[in-house]
Amino acid sequence: KVYDRCEFARILKKSGMDGYRGVSLANWVCLAKWESDFNTKAINRNVGSTDYGIFQINSRYWCNDGKTPKAVNACHISCKVLLDDDLSQDIECAKRVVRDPQGIKAWVAWRTHCQNKDVSQYIRGCKL
């Protein structure tokens, strides 16, 4: 499923993501825009691992896809569940990622497109 920007923002807000570990709702929406363009089915292969779903969660550290050597699976989930339309496990795993010392900087797309930028446009016009 490709989520509408505002629909996605509303789901995140309901799930307690606004301000979670100091990350504003607009930053989360910016991150997902640039990682997956709000597409739950997004898959991107890297050398030795793969990124899955709307937040592009990586199989080396966070989920198990059964084909990544020495995978940690810190979110204790199958990567497959990150590709369905239900965002609850994606959100729980994203929360787990930002609890690490690196926080939201774990996402390259956030560092490239959202860090130190005016991200208010990502939730502008959304009824939140």
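Even glycines carry a Cβ here, placed using N, Cα and C.
Counting only same-chain residues six or more apart in sequence, the Cβ atoms lying under 8 angstroms from the Cβ of E35 (active site) belong to A42, D51, I54, F55, Q56, W107, A109, W110. The feature active site is assigned by Swiss-Prot to E35 (among others), with sequence analysis given as support.
There are 24 other Cβ atoms within 10 Å of the Cβ belonging to D51 (active site). Feature annotation from Swiss-Prot assigns active site to D51 (among others).
As annotated by Swiss-Prot, disulfide bond applies to C6-C126 (among others). Counting Cβ atoms from all protein chains shown, C126 (disulfide bond) has 17 others lying within 10 Å of its own Cβ.
Under the DSSP three-state reduction, C30 (disulfide bond) is assigned to helix. Using a 10 Å Cβ-Cβ cutoff, C30 (disulfide bond) registers 25 neighbours. Look at Swiss-Prot and you will find C30-C114 (among others) tagged as disulfide bond, backed by sequence analysis.
Taken from Swiss-Prot, the feature disulfide bond covers C63-C79 (among others). The Cβ of C79 (disulfide bond) lies under 8 Å from the Cβ of T50, Y52, G53, I57, S59, C63, N64, D65, each of which sits 6+ residues away along the same chain.
Residues or ranges marked as disulfide bond by Swiss-Prot on the basis of sequence analysis: C75-C93 (among others). In the three-state DSSP scheme, C93 (disulfide bond) is classed as helix. Residues near C93 (disulfide bond) in space but far in sequence (CB under 8 A, at least 6 apart, same chain), listed by position: F55, I57, W62, C63, C75, I77, L82.
According to Swiss-Prot, the feature domain 'C-type lysozyme' maps to 1-128.
Sparsest Cβ environment among the disulfide-bonded residues C6, C75 (other Cβ atoms counted within 10 Å): C6.
Listed in sequence order, the residues of the same chain lying 6 or more apart from C114 (disulfide bond) and placing their CB within less than 8 Å of its CB are N27, C30, L31, W34. Per-class residue totals from DSSP over the domain 'C-type lysozyme' (1-128), listed helix then strand then coil: 52 helix, 14 strand, 62 coil.
Within 10 Å of the C-beta of C63 (disulfide bond) there are 28 other C-beta atoms, taking all protein chains into account.
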